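Swiss-Prot annotations:
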TOPO_DOM  1-26  topological domain 'Cytoplasmic'
TRANSMEM  27-47  transmembrane segment
TOPO_DOM  48-69  topological domain 'Periplasmic'
TRANSMEM  70-90  transmembrane segment
TOPO_DOM  91-96  topological domain 'Cytoplasmic'
TRANSMEM  97-117  transmembrane segment
TOPO_DOM  118-126  topological domain 'Periplasmic'
TRANSMEM  127-147  transmembrane segment
TOPO_DOM  148-159  topological domain 'Cytoplasmic'
TRANSMEM  160-180  transmembrane segment
TOPO_DOM  181-185  topological domain 'Periplasmic'
TRANSMEM  186-206  transmembrane segment
TRANSMEM  208-228  transmembrane segment
TOPO_DOM  229-294  topological domain 'Periplasmic'
TRANSMEM  295-315  transmembrane segment
TOPO_DOM  316-328  topological domain 'Cytoplasmic'
TRANSMEM  329-349  transmembrane segment
TOPO_DOM  350-359  topological domain 'Periplasmic'
TRANSMEM  360-380  transmembrane segment
TOPO_DOM  381-397  topological domain 'Cytoplasmic'
């Protein structure tokens, strides 16, 4: 066995290689890192601008939310570094444990003194310094487990329904937990991403269509089972008819887009953020981006998010070429997750989709979302670094 093949085999078996860890990994994808940095800069600027009025109303310091957002970015960077250094084998081997931890967290939101209720939803755990939104952790946990599960059952996916049903049963358990919180947006993202990962793992399109036919009635029932969801559905079709009731938020979001025009009214000059548009610094921050930077600024943000998703799929493709199936599926899953969540958030703010409480990745204010998105991107960077290392040893790059 040649020295090159020997090193490659030891790497795949997660054995020690004489070089230091940082020396045996390739530098992560530059496009991924640049998009990551760009979204952080945009998020910092836009949260600073969009939160000024909210801070004043809540009698907080002018830059209260901006300072906290900066702390979230710094703290998340530390956890992202740790996530990067752990390596992909850690996530594959601990997938069940991570999934169990996420499910436990979803149960603890009902525990008195620990669970936090906000606007009637039980989504947060009180950890003292921060309220952790467990759903953000659960999304990543489900996708890590799905990648490990599909890798383990690779040979059976083409001819057996059993592994598919097993995965859907786990997904259904988490979907039920999100239904009870309630958090319909996260439920949609998880179910759609798992189905996407099944497709990318090689499950035939006919099986997926059959699953879609079976799942669709359940999703429709969830959508219409609660009166407030049904009102959201009817409101987004014609928000102006309900502009002083259920359509108030969407109408003011659309006004933001109208005021922004092509080039925007200028940074810090938004009118809608002054208590006209609820959640201006969180779920509806894209509306303020459109108002202050115009269509041009909104398209730039969308382009950065699209490039980020593209790089995730490119990383997954390279990992697949290097026969790293778990890494490949996880990269695809992260790409699907970030793409779907961005699409839904932008769709909601533009009136293309009913209102849902999903953040714009890395831009919206919120520690839990920033933390888990940063960890997910760090895992992507690790997947890319490992795949490039193997490709370099095999002489493929």
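Every residue gets a Cβ built from N, Cα and C, even glycine.
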Which range wins on Cβ pairs under 8 Å with the transmembrane segment (127-147): 27-47, 70-90, 160-180?
160-180
Recorded stretch that, among 27-47, 70-90, 208-228, 295-315, has the most CB pairs under 8 Å to the transmembrane segment (360-380)
70-90
Return the stretch with the most CB pairs under 8 A relative to the transmembrane segment (70-90), choosing among 27-47, 208-228, 329-349.
27-47
Within the topological domain 'Cytoplasmic' (381-397), count helix residues (DSSP H, G, I), strand residues (E, B) and coil residues, in that order.
13 helix, 0 strand, 4 coil
Cβ-Cβ under 8 Å with the topological domain 'Periplasmic' (181-185): same-chain residues at least 6 beyond its ends:
106, 109, 121-123, 135, 222-223, 226, 229, 344, 356-358
